[in-house]
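Engineer: Take this structure first; my questions come after.
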Amino acid sequence: MGKPRGRKLLKQQEKDQFKPAKEFDVPDEQDNFDGSNGTDSDPQMFFGVLDREELEYFKHAEATLSMDAFDNAEEKKQFVTNVIEETRGKELKLVISQICSKLMERLILDCDDQQLKSIFKAFNGVFYNLSCHKYASHVLETLLVRGAALVEKELLTPSFDGETDEESFITMENVYLYMLNEVKPHLKAMINHRYASHVLRLLILILASKNLPKTTQNNSTLRSKKSKIARKMIDIKDNDDFDRVHQTPESFKLELKDFLKNLYAGFTNGAASRSDISPTYVTKFRELCVDPVASPVIQLIIQVEGIFDRERSFWRLVFNTTDETDAKEEAFLEYLLSDPVGSHFLENVISFARTKFVERLYNLYMKPKITKLAQRDTTGAFVVQALLRHLKDKEVKEILEELVPQLSMLLNSNIDFGTSIIEASIKEDNYLRDEVINQLLVKYYPEQNENRNILESCLLLSSSTLGNTRDDWPTAEERRRSLFLEQLIGYDSKFVDVTIESMLKLPEERFLQMAYHGVFSHVVEHVLKPTIVDAIKRKLLLNVLCKDVVNMSCNAYGSHIVDKLWEFTAKLTLYKERIANSLLKESDKVKNSSYGKRVWRNWHLDQYVRKPMDWRRIVKEQDVAIFPNAQPLQPKNPLKRPKHTDLPPSKRKGVK
């Protein structure tokens, strides 16, 4: 058969090309794939409004709890109880109000166990509706976390003394199971719903006994960046039930298994095996993988499915498992590697997938073009970094061999690549270490450049916030670059030397400004290592730093540098005493500063004033601890030589 060409080839390529749907929330475009109907897509979310007096009362209650100016815990508890009594029968009206929903969250965080169950009961029948509401969904998330903590409490202490109320005998586990049965028919609609998807993610985390992240935590598996910023602005502080793993009963694992089983059946139309699934259903599920709302949910599903599904059904629904390439899968992978949402999806699923699955994707689709993928700064580069972390030694070395020669070029647009390659090299027994160091020096400290300065090339000092008088906060980019330079300093002593050389080339005022900078001061701290820096360079650094040691001691960032100087001046007693005397001369200023007090204590200056011999003993002990094999500068008992030893032999006899 002849090689396909012309129109036939173009048609085949167009047929295999992966093009996700532009809209994911329109039922007509999804047919019956997502199982949505009019009720699921637009559930009832209006439950009435409060009258003016009620609204004013609850606004005042929210403000009171926000200020938290109660005299004692008992007074606050009584206030919470009174407000909860006032909310009876009005809970649904409150949770759909922007201000009153914050009140409900505060009440849920501060209420007791029985009050928590009563709030759960008030939401019976409308849990799905609330999960789809902008404000009520946040209330529901807080309620679910507190409920998970109560489930754990009842699991560990099954009997409670003094419980006579009939409601007290209803366990939180049963309350939870009732709620889960209520939302189960709506799971597919929740996956790509703007608000309900967050509730679904939280439910999966709870059922799988995973860590429940804080509502303001960075890189959270639960909330979006926009949601975390809004959470910080309303100033509702999480309690101890967040940011931890809760023990759950066996019934929760069974519920999770049932959740995912029903979802899989819906996504595959009940197909018995992977080969029986219609390509249309596979394509539509892949479209959900690149949907900004649904993608994080599917990532979490793939992460937890291995708890009870050894076949990894959802992974196999997204990717094939054969050893041969597939045109449609190849097109899908190419889309993932060039799309921001898709690359984030692939990066995350790689991190918790079986190694053999990741190796297959790498060998079939990514290995031949790994350098090109690394050059896709906002997409494929992150996937390549994930491969370096999770592939086996052989594949990691292959990637390093391809990327290390290009490292200086890759760092132009993605400084994180340097971190990934350094860590991969260390993990592989310092594989290609010398070449990595040379590439980094070519990039940041080239020999042919007479004005080379790693602080400028790496930290971009001239365009930074260093020295600004407007109290500008250090930027995220400055923080990222500073951390990278700190990693280089710890990676090899060559970077310690070039960093110190660069610091000494700066004007003294500019160098001292680094000591007061919220980010760059950490770079200064990292080079103050007495065992790595030779005595001459230590003295050169100290000559500059000693000039402003008092002001540095009273600064939030500079005080850490002065603390470091205590060890950095080991075996340099004159410099140590010079710093101690400088602090002593302005002792009032130092002691009146909270940062200066710590410096005073860390430098043992009370002993220096009252018992100078004890202070010198501490200094000598430190010298021995840091330089145990150091030879004294002069022998304790030098041999006495006669004065005439330097005379010529002919004149020695006459000298006595």
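Glycine is no exception: its Cβ is also placed from the backbone N, Cα and C atoms.
According to Swiss-Prot:
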COMPBIAS  1-10  compositional bias 'Basic residues'
REGION    1-42  region 'Disordered'
COMPBIAS  11-25  compositional bias 'Basic and acidic residues'
COMPBIAS  33-42  compositional bias 'Polar residues'
REPEAT    86-121  repeat 'Pumilio 1'
REPEAT    122-157  repeat 'Pumilio 2'
REPEAT    182-217  repeat 'Pumilio 3'
REPEAT    280-320  repeat 'Pumilio 4'
REPEAT    328-363  repeat 'Pumilio 5'
REPEAT    364-401  repeat 'Pumilio 6'
REPEAT    505-542  repeat 'Pumilio 7'
REPEAT    543-581  repeat 'Pumilio 8'
REGION    629-656  region 'Disordered'
Engineer: Sequence-remote contacts (6 or more beyond its ends) of the repeat 'Pumilio 4' (280-320), Cβ cut-off under 8 Å?
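Structural biologist: Distant Cβ neighbours of the repeat 'Pumilio 4' (280-320) are 18, 20-21, 24, 30, 33, 191-194, 197, 200-201, 204-205, 208, 210, 221, 253, 256-257, 260, 263-264, 267-269, 271, 274, 326, 328-329, 332, 335-336, 339, 341-342, 344-345, 348-349, 352-354, 357, 360-361.
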Engineer: Could you break down the residues of the repeat 'Pumilio 8' (543-581) into DSSP helix, strand and coil, giving a count for each?
Structural biologist: 31 helix, 0 strand, 8 coil
Engineer: Which of 86-121, 122-157, 505-542, 543-581 shares the most C-beta pairs under 8 angstroms with the repeat 'Pumilio 3' (182-217)?
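Structural biologist: Ranking 86-121, 122-157, 505-542, 543-581 by Cβ pairs under 8 Å to the repeat 'Pumilio 3' (182-217) puts 122-157 first.
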Engineer: Would you kindly list the residues that approach the repeat 'Pumilio 7' (505-542) from elsewhere in its chain, counting only those six or more residues past its ends and only Cβ-Cβ distances under 8 Å?
Structural biologist: 453, 455, 459, 461, 464-467, 473-474, 478-479, 482, 485-486, 489-490, 493, 496-497, 499, 548, 552, 555, 557-558, 560-561, 564-565, 567-572, 575, 626-627
Engineer: So, by DSSP, how many helix, strand and coil residues make up the repeat 'Pumilio 1' (86-121)?
Structural biologist: 29 helix, 0 strand, 7 coil
